[in-house]
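Heads up: the structure comes next, in C-alpha cells.
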C-alpha cells in the first residue's frame, strides 16, 4: 500500500506532459474542425460583438417625469350644466408620473352625518328590528343602529346621508370629451457613469414645434404632446368602453443610446400598454372590472359640515422610464476576444474525440498522438548509466517508450 501511494505521488510530481502536433489528412475530420471554428467565429462576431455589444460597457438611466393635461369638458344632466377643466378632472393635480383622468362619475350631493335607511338592494332588507344588527358590516354604508325603517324596509345606519347609490353607472360616459384632451410629458434622464443628461425635448423640439405638433408613431414620433384618444387606441383599448368604467394604461418611455455615436442620436421612443380595462375587454378579473375611487368636497352649511361625494371612474396613466446607454471600453473588448479565442479550443477537443474514439483507425491515431519517455539516471562518480523501463502492454498496441539520453 505504501509503495502504491509513493508511486502515485512520484508520477504526479515527476511527470510532465507537453502537447504534440500530428497532421491528420482526413476530409471528415478537417470539415468537422472548420465547421466548428466557423460556428465559433460566427458566435463571437454575430452574438458577442454585434448583438450583445460585448465591446461596450453599459449604464442604466435615472429618470424624472413631469406631466400636464389640457382640455375642457362640458356635461348636461337634466337642467344642470357644468364645465370641467383640468383642476376638476385630474387627480392628483401636481403633474406626477402617475395620475388619473376622470371620464365618468356618480355624484351624491349634500351629504351630512345623520341616521338614514340603507339602500334597497336586497343586502339590507328587513321586516323587523330583529333582522338588523348593531355595528359595522363589511358591505354597509355606516354604523348599523339595529333598527328597521318601515318606509323602506331596510336597516337604519348612522352614516353620511343620503347614502350613495352607485348601482347604475352612466352609459355612455359623461365626459366623452376627454378623448380630445391632450397630455404633455416632459422627461429627462441621466446616465451617471458617462456624465450624460438628455431630455425628450431633443434637438428640433422647440416652442414653435410644440405649439403645432401632435404625437404620431410614424409621422411625428418625437412630439411630447399626446391626444388621450390616440393613447387609448395605441394601447389596444376602445375609448367608449374604458371611459365608462375606467382602466389603466402604461406609457413607457424607452431610451437606448449608443454613445459611440453623436449624442443627438440618443432619442426616446414611446410605447403604450393596456394594463386593465372594461368588461368588454378580455379580462379574467371579472369580479372587479375597471378603475374607480371616491373623492369628496367638504363645506359648511348652517354650521353643519356637509360634503359632495363623487365616485370617479377614470383612466389611470403610469409613465414609466427605462434607459440603457452603452459606450466602447477596452476591458470588455479584450475580455470578449480572450473568451472567444478560448472557445476555439472546442474544435480541437471534438476532433481529438473523433480521431481517438470514433474513426476505424483510432488505434493508429492514438499511437501517433501519444509518446512516452522514461529517464532514469544512476550517477556513480563520473560514470552515468541509462536504462529503459518497459511499459505495460496495452490493447492499443502503443509503441515502446523512447529513451532519451542526457
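Including glycine, each Cβ sits where the backbone N, Cα and C put it.
Long-range contacts of the transmembrane segment (29-50) within the same chain: residues 336-337, 339-340, 343-344, 346-348, 350-351, 354-355, 359, each at least 6 residues beyond the stretch ends and with a Cβ under 8 Å from a Cβ of the stretch. According to TrEMBL, the transmembrane segment annotation covers 29-50 (among others).
Within 10 Å of the C-beta of residue 70 (ATP binding site) we count 11 further C-beta atoms, all protein chains included. Residues annotated as ATP binding site in TrEMBL: 68, 69, 70, 182, 292, 293, 294, 311.
Residues or ranges marked as disulfide bond by TrEMBL: 116-161 (among others). Cβ neighbours within 10 Å of residue 116 (disulfide bond), excluding its own Cβ and spanning all shown chains: 20.
Residues or ranges marked as disulfide bond by TrEMBL: 126-148 (among others).
The Cβ of residue 155 (disulfide bond) has 117, 118, 124, 126, 131, 132, 133, 144, 145, 146, 147, 148, 149 as same-chain neighbours under 8 Å, each 6 or more residues away in sequence. The disulfide bond annotation in TrEMBL covers 132-155 (among others).
Its Cβ placed at the centre, residue 180 (N-linked glycosylation site) has 12 other Cβ atoms within 10 Å. The N-linked glycosylation site feature in TrEMBL is assigned to 180.
The disulfide bond annotation in TrEMBL covers 213-223 (among others). Cβ environment of residue 213 (disulfide bond): 220, 223, 225 lie under 8 Å away, each six or more residues apart in the same chain.
For 257-266 (among others), the entry in TrEMBL reads disulfide bond. Under 8 Å, Cβ to Cβ, and six or more positions away along its own chain, residue 266 (disulfide bond) finds 196, 198, 255, 257, 258, 259, 325.
What TrEMBL records for 336-359 (among others) is transmembrane segment.
TrEMBL lists 379-406 with the feature region 'Disordered'.
Between the binding-site residues 182, 292, the minimum number of other C-beta atoms within 10 Å of a residue's C-beta occurs at 182.
Using a 10 angstroms CA-CA radius around residue 180 (N-linked glycosylation site), the binding-site residues that qualify from 68, 69, 70, 293, 311 are 70.
Geometry remark: residue 69 (ATP binding site) versus residue 161 (disulfide bond), CA distance 34 Å.
Neighbour count (other Cβ atoms within 10 Å of the Cβ, all protein chains): 20 for residue 126 (disulfide bond).
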